[in-house]
Structures are given as structure tokens and as C-alpha cells.
Amino acid sequence: METQKKIHVGMLFGGNSSEHDVSKRSAHNIYDAMDKNKYEIDLFLITKNGIVLSDAATRRVFDGEPEDQVVAEEMPKLDMSDPLAPIKNLTLAKDIDIFYPVVHGNLGEDGTLQGLFKLLKKPYVGSGVLASAASFDKDITKQILTHHHIQNTKYVVVTPENRDQMTYAYLQAHVGDHLFIKPANQGSSIGIHKAENEQEYLDGLADAFKYDYKILVEESIDNPREVECSILGNENPKASKLGAIDVPKTDTFYDYNNKFVDASGVTFELPVELPADLTKRIQQMSLDAFKALGLKGMARVDFLVSEDGEPYLGEINTLPGFTNISLYPKLWEVSGISYTALIDQLIQLGFDEFKRQSDIHYDFVALDAE
């Protein structure tokens, strides 16, 4: 009996974002869950300075060698006068059937890698260039959500150009007394601050500007419940059961420390028991947002539910984490899809979307041409 050819997957992780180490954790978990009888996997670590390491070098890091040491040994092998040097190891990879990006934050979620895969004419897991870019920018996301009448929080955008006009008094009048400050193009709660007075606002804004030149200042929902929904699919996506995150009362929100440093005080309710109508509303809002943004493959949709039961869509993550405490895979597990089966479906969805896009003709043929 002839052995079926394995699918050759190129997995990229790391990157030059503040979520570099988070990405490495996600990649380990995905790799461990993949069926090695079905997949041949090449690993590509993107270093903190944006260089793609070879599979051999990446596996050294994957197996526990200090990343800085491996990078120091590999860099002299690259001819940095070559404009393609940062991605040289990727272009040399042979017979990759599909790319699986596990790069959180910029490069991975902002459409950059997706554009590279498109240039390479290769299938890939997840959303396309435009959908990734629009979803990564919280301002653009909220504009699209608002256009489609999907409830989200009030906000203003602060930039270096209008910073002097965006005083705390102005924001109190236009947004509210209690504020959340967020870099527009970051994830995993990087650079996010809650502000309830002018000094907290000024300090939070100064820190947020370290991570982006466009800052969202949003209204803060009083005592919200943080609820998440996982989406899976392409043109006909499906929504998972919902999960809730309960943070310690001493913390004001589910921040980077809660997520990745010390999660000991955080509890999860999976699935969460909410009124049936609220559950359906959140699931439908998640699906509506997924479609409005043109997403493909997967997304985790985060909500804040107010004390009176109103859901506000907070963020959409197009390459959600797969760490040990990440809710995207956990919600599918409680919805009946195992970790390994979930990865299988994501890879197949990548192939399906590539085929769909391949059917589009970009060459122009005149109507009267023979």
C-alpha cells in the first residue's frame, strides 16, 4: 500500500514585536499538537531584528539553546548587502506546501507576512493582507465595526500631531471620566493603561507612544465581564461556545502580566453560562465582525459585557495565541474540536482559500477579443 505524501508545512514564529516570546510559546504548542504522520514541518524563527533563521538553526533554539547565541553564530553567514538577506532562508526552503504563521503582533498580524506568502504564490493559514492589516489597526477595526452597526466602545484617536489638543478635560467631555489607553497596533495588552485622573492619563499616554504613533483612548466600561468567542472558517464560519476571564479584584483588567507572566490569580469559565439570548448575540456579533473585516481561517473575538448585560466588541485577534492559557484552542476543545483536529482544519482552510483566490483572473481580456 502506497504511503500518502506528507503535507510540508513551513511554520514561522518569533518576530520583531513585543510578543516575540509569546509567539515562541504558541509555536511550541502547535508543533507538539501536529500529527507528524501527516505533516513534515520546517521551522523558521524570525529573530528580534527581523531575520529569518534556517530550519536547522531554528531547531537549536526550539530545543533550548539561547536564542541570542544562535543568532550571533548565524548572522555572519548572511550577506547583508543582498536585499533579500532577511528572508533568504525562507526563499531557499524547498517544496513548502503551505505556510503557517505563528507570529503575533507586527509583521505577523498586520499583513506583512501574508503579502510575502502571496508573492511566493504559496497557501498560508489565516486571513489575507487587507483583512489582517485592517484588523490589526484598532482604529480601522472600530471604524468598520461602527459602519456595520456592531456595538463597540466610544473612543478618540491621539497622535503626535493632535496630542496637545487631546487634554484630559477634552476626553472627559467626549469619552468619559474613566479611560483606557491603547496603542492602535499592538496586542497582548502591550502598552495598555487605565486612567481615572489626569496624571494617569498623561503617564499612560507617554508609555503608549513608545509602542505606536496612533493611540486609542476608549471609554472604560464599569465592572465588565471579559468574554471571548473563537471563530473558525472561511466564507461560512462557525462560532465556538463562549468563555469568560475573571481577573483578581486587585487588577483592573486582563493585562500582559495576567496573560503571560503570572496567571495564578486568573480564572477561566469554559464554557461560561450566560443567558441564552446574550450568548447568541455575542456569537452573532463575532460572526458579523469576522465577515465585515473579510477574515479567513480563525479569529478570537474579545468582548466586554457591562453590568446590565450589554456586549461591547473590544478587539479581534486574527492570529490568536496558542499558549497554555490561550482561550482560542481551549474554546474549541470545549466545543468538541481537539487541538490536533483544530490545526488540521486551519491548514485545510488555508488550502481552500488559496484555491479560491487562484480562480480569480488578474489578466485583462477585452470583451470583443477573439
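Just so you know, glycine gets a Cβ as well, placed from its N, Cα and C.
Here is what Swiss-Prot records for this protein:
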BINDING   172-227  ATP binding site
BINDING   ASP302, GLU315  Mg(2+) 1 binding site
BINDING   GLU315, ASN317  Mg(2+) 2 binding site
DOMAIN    142-348  domain 'ATP-grasp'
Candidate with the highest Cβ count within 10 Å, taken from the binding-site residues HIS193, LYS214: HIS193
Residue among binding-site residues GLN186, ASP207, ILE221 with Cα closest to the Cα of GLU315 (Mg(2+) 1 binding site): GLN186
Helix, strand or coil at GLN172 (ATP binding site) [DSSP, three-state]: helix
Number of other Cβ atoms within 10 Å of the Cβ of LEU179 (ATP binding site) across all protein chains: 26
Three-state secondary structure, which DSSP defines for ASP207 (ATP binding site): helix
Assigned conformation of GLU200 (ATP binding site) - DSSP reduced to three states: helix
Alpha-carbon spacing, GLN172 (ATP binding site) to ASP302 (Mg(2+) 1 binding site), which is rounded to whole Å: 25
Local backbone state of ASN317 (Mg(2+) 2 binding site), from DSSP in three classes: strand
Cβ neighbour count (within 10 Å, all chains shown) around ASN317 (Mg(2+) 2 binding site): 21
Rounded Cα-Cα span from ASN317 (Mg(2+) 2 binding site) to LEU179 (ATP binding site), Å: 22
Nearest-integer angstrom distance between the alpha carbons (Cα) of ASP207 (ATP binding site) and ASP302 (Mg(2+) 1 binding site): 23
Candidate with the highest Cβ count within 10 Å, taken from the binding-site residues GLU200, ASP207, ASP302: ASP302
